[in-house]
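Under the heading domain 'TIR', Swiss-Prot lists 12-174, citing sequence analysis as support. Annotation source Swiss-Prot lists active site at Glu86, citing sequence analysis. Per Swiss-Prot, domain 'NB-ARC' is recorded for 211-474. Marked as repeat 'LRR 1' by Swiss-Prot: 592-613. Residues or ranges marked as repeat 'LRR 2' by Swiss-Prot on the basis of a curator's inference: 614-635. Swiss-Prot lists 636-659 with the feature repeat 'LRR 3'. Taken from Swiss-Prot, the feature repeat 'LRR 4' covers 684-703. Swiss-Prot lists 704-725 with the feature repeat 'LRR 5', giving sequence analysis as the kind of evidence. Look at Swiss-Prot and you will find 726-748 tagged as repeat 'LRR 6'. Annotation source Swiss-Prot lists repeat 'LRR 7' at 772-794, citing sequence analysis. Summarising the annotation, Swiss-Prot assigns repeat 'LRR 8' to 795-818 and lists sequence analysis as the type of evidence. Annotated repeat 'LRR 9' per Swiss-Prot: 819-836, in sequence order. Marked as repeat 'LRR 10' by Swiss-Prot on the basis of sequence analysis: 837-863.
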Amino acid sequence: MAASSSSTGLPPQHQVFINFRGEDLRLGFVSHLVEALENDNIKVFIDNYADKGEPLETLLTKIHDSKIALAIFSGKYTESTWCLRELAMIKDCVEKGKLVAIPIFYKVDPSTVRGVRGQFGDAFRDLEERDVIKKKEWKQALKWIPGLIGITVHDKSPESEILNEIVKEVKKVLKKVSLEGSQKVVSVDPSQSIDTLSSVGGEKDKTFGIKQRLKELEEKLDLVKYKGTRVIGVVGMPGIGKTTLVKELYKTWQGKFSRYALIDQIRGKSNNFRLECLPTLLLEKLLPELNNPQLDSIEEPYKTHKGLLRERKVLVVLDDVSRREQIYALLGKYDLHSKHEWIKDGSRIIIATNDISSLKGLVHDTYVVRQLNHRDGLQLFRYHAFHYDQATPPKVDFMKLSDEFVHYARGHPLALKILGRELYEKNMKHWETKLIILAQSPTTYIGEVVQVSYDELSLAQKDAFLDIACFRSQDVDYVESLLVSSDPGSAEAIKALKNKFLIDTCDGRVEMHDLLYRFSRELDLKASTQGGSKQRRLWVRQDIINVQQKTMGAANVRGIFLDLSEVKVETSLDREHFKNMRNLRYLKLYNSHCPHECLTNNKINMPDGLELPLKEVRCLHWLKFPLEELPNDFDPINLVDLKLPYSEIERLWDGVKDTPVLKWVDLNHSSKLCSLSGLSKAQNLQRLNLEGCTSLESLRDVNLTSLKTLTLSNCSNFKEFPLIPENLKALYLDGTSISQLPDNVGNLKRLVLLNMKDCKVLETIPTCVSELKTLQKLVLSGCSKLKEFPEINKSSLKILLLDGTSIKTMPQLPSVQYLCLSRNDHLIYLPAGINQVSQLTRLDLKYCTKLTYVPELPPTLQYLDAHGCSSLKNVAKPLARIMSTVQNHYTFNFTNCGNLEQAAKEEITSYAQRKCQLLSDARKHYNEGSEALFSTCFPGCEVPSWFGHEAVGSLLQRKLLPHWHDKRLSGIALCAVVSFPDSQDQLSCFSVTCTFKIKAEDKSWVPFTCPVGIWTREGNKKDRIESDHVFIAYISSPHSIRCLEEKNSDKCNFSEASLEFTVTSDTSGIGVFKVLKCGLSLVYENDKNKNSSLEAKYDVPVEVSFQEPEHGIMEEERYINKRRSDDRRPKKKRKTKRDDIMIISTVTQTCVPSVNARIEDKVTG
């Protein structure tokens, strides 16, 4: 009932011991297995080979005589105490390195065996054996042996394939034992089980996404770049594929070294042996010529063999390291500043671990194994779910479900592999059911992999892990504040969890992989159902009700998280519901379906009021809290975060209470709130959100000394703001009734954002606003009575929004990057000095209906929107100076500027032409793609004359001259004249695109799509395009054209091109708009030999006289023959003019001073 293997030199009686239970198995599967093994000359022992009358105890000695034990777990296995005694003996032999155990799960789930659950567990608990010690020993064996790599036999598994697989693995072990003389085998960490044997066949697992990972890892180990010894750590979350990667590297790099060693499963081996035994494993592999090598000491294990070891460079891979001590045991104590005494320079050492902190100071670099991308994840999943390799794809329905499983796994290789195997040969119904189950909890085996890492955590780290799962994707500072307020040691616990890749921080937020999150929820669910003293976090409505009904211990409840969107029936809370929850730290009633939590239909009732004696609570969130104030017995002494949105609250509590650690208060849209006196002692309050509190008139008796963010948006009765907290960074006064800012507003030395949008009675801005040296964003949109804005000569102001104001002149704003002056009926002109605003990149002039002239604009400007400037007639010449550029996109929009004079239109097209050429010369700075690098539009009905190809209608077809796509082609300029019908009064957006097709040498068409223009209506206001408009865009030479360059660079052939322009909107689709005319220009880089160091010339050669089809090919052939004839003539220096080529007039660029100032601060609104 267990098995072992031996070399050919072992006693001939048997090599394999089979441990099993049940006569049905003996007569069926086991008899077939014995036959298959013996057919391959493998000696087998099962109990029916024993001599009649022989004591059963002597059977245990057969285990010692074996080299392989096959433990066959079936549903009836635990009915036999004898099977369990054998299993305990097998475990003992394996731990001593005398036996290899291969578990076989015969029509029983491995997790059922490991967890001793279901009928399997019931039979074990019903055993007559009363010896508690023995039962404990057997249970350990039941958990331990199934943790080894094994084989699963399903109901539908082909028996012949399974038998072949078992025989193959047995022969593999026997061969290894024969070569090595002895085999030391220890328990296999479940996290290593990504290499578990297939349950349906013996084909070797395929790896997907490994090539890129391997390449990136090899770069850190480069033998040429790094001459000395190099130690690299490979880190990542459990099951992410570290073992797969380092084993692939080991296999690939073995040939680069004469000595190499892979020590895997170090976590398991160090758990079962003393650390001092680990160096022997390494020494045996690096010096195989030594017979039974001896170690010197724990501190210097390789001292005696140092000379031999230093003769050769070595490759050493240490996999599944869990502690720093394991590294010291294998490599000796060292640091990067001192050389290894026994390792020759040029060696390479790779250490794979879940815990990056164990590598601190021991590695030169680390490689973080990330999740698989969707493509590789899908391939890995399909390979195991369907057993195909791209040749015979599965049915469409399964393909769709495959995407959902891959999305669930989020690129986690182990999850993809296990899920694929579980779903192999299952029907559609099973797949759909499995997906529903996974939404509640992870698949069992994946949970067990994570459990290994979780079990190694300290108690504080476990609490932190489970708490963080409740607040994942929240701000790091917020999560740390909550946890540290409960336990000061939580800061270190959070750091440890990050080092072990159980959590991550990204963009200032704490993140947790979905699989880890579901694992944490599963742990909480188990704690709730199993009872005991474990602290619990309740997520399910019924669990919360059970606390009320005293069927669950209230004292152990650590958190309540109730999603009100899932509460479908009216639920009443007893007055004393929270009375005994003395350890409750988090109480959160929220709505996951509405991010603003405004649509909730509250079904939680408190008919008799509420007692809330929660002294330990750190976080109190209660959406639509129904009472006028928090109960008198509520003690906020430890409260960190208070959130009561859309509540009925009128004041927080009666009187004043100590709130020494309160940092965040959110009472948004509590329309009855009129007093905040309860916050007079909140000296650490950092953020206060009172948006929509329409009954609030002032902030009297509120401690604002530490406040950083204050939100009073849409507090329509709020009229005065006398208090100026000096630490304030963001102040939202939009929609209030404030008529002026206090004179001491200049004291806000740290203010970054000030929002006063729609303050309809605000008339002036005090001059002291210029003293706000840190202010980066000022919003005055919709302040219709505001007529003047003070000069700001020295400021960090980056964004100024003055749309909807009555300002008549623009102030001096040297540092502004984004200026919005739209919807201003009083602005007649812009100051001539605007071209000196050296950092301005975005200027919004929409609907400035009195504006008549646009002066020269700064060369840094990337975006100009003058839509609806109905009085605009002229623009400066030049519209803006052209300067050397970096990778940016430029848009100049003059839609609905119906009074633009012809000279203004010509200057806009001239600027577009010059900009296209400049972008052409700088094309090396741009990524290849189909996005327009420059676009403009204006009222008109003609294609500009510099477009060499022009056609009436939306379709342009031409033959392009030979070598048109040579190396100097950098991009294409496109033009479309579009007519808009009068019926488009409700137009909200539209886009103009061009489908460009080129006929390749094989006569196939190579298409690509180019954007030409796009327009979007502002807000929900009605709008329309009033006349025909010209759209121009420049697109960098697409990848498909670059490919033509490479293939046909030396061929003198004509090309055919077809361009079709279309206009689509959000409501109409294609067909309502009409493209009247269209055009194309090919834009080439300048010949650098023509340019001097002082000026840049912009030559745009464009073939314009391409023949229409009715002229045939004769004139084109004549052109080629003439060109060939000219090439044979002696070259003379002369200026030629050909009818079929037009050179766009050369424009000399005047020197423009470079902008030295760099934008360093980023403002988020």
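Even glycines carry a Cβ here, placed using N, Cα and C.
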Long-range environment of the repeat 'LRR 3' (636-659) - Cβ separation under 8 angstroms, sequence gap at least 6:
478, 481-482, 485, 597-598, 600, 615-630, 665-670, 672-682, 685
For the repeat 'LRR 8' (795-818), which partner among 614-635, 684-703, 726-748, 837-863 gives the most CB pairs under 8 Å?
837-863
Take every residue in the repeat 'LRR 10' (837-863), average their pLDDT values, and give the whole-number result.
92
Looking only at residues six or more beyond either end of the repeat 'LRR 2' (614-635), which have a C-beta under 8 A from one in the stretch?
482, 485-486, 564, 578, 581-591, 597, 600, 602, 604-606, 641-654, 657, 672
Could you tell me what the rest of the chain brings near the repeat 'LRR 10' (837-863), counting residues at least six beyond its ends with Cβ under 8 Å?
798, 803, 813-831, 869-876, 878-883, 888-892, 1018, 1152, 1155, 1157, 1159
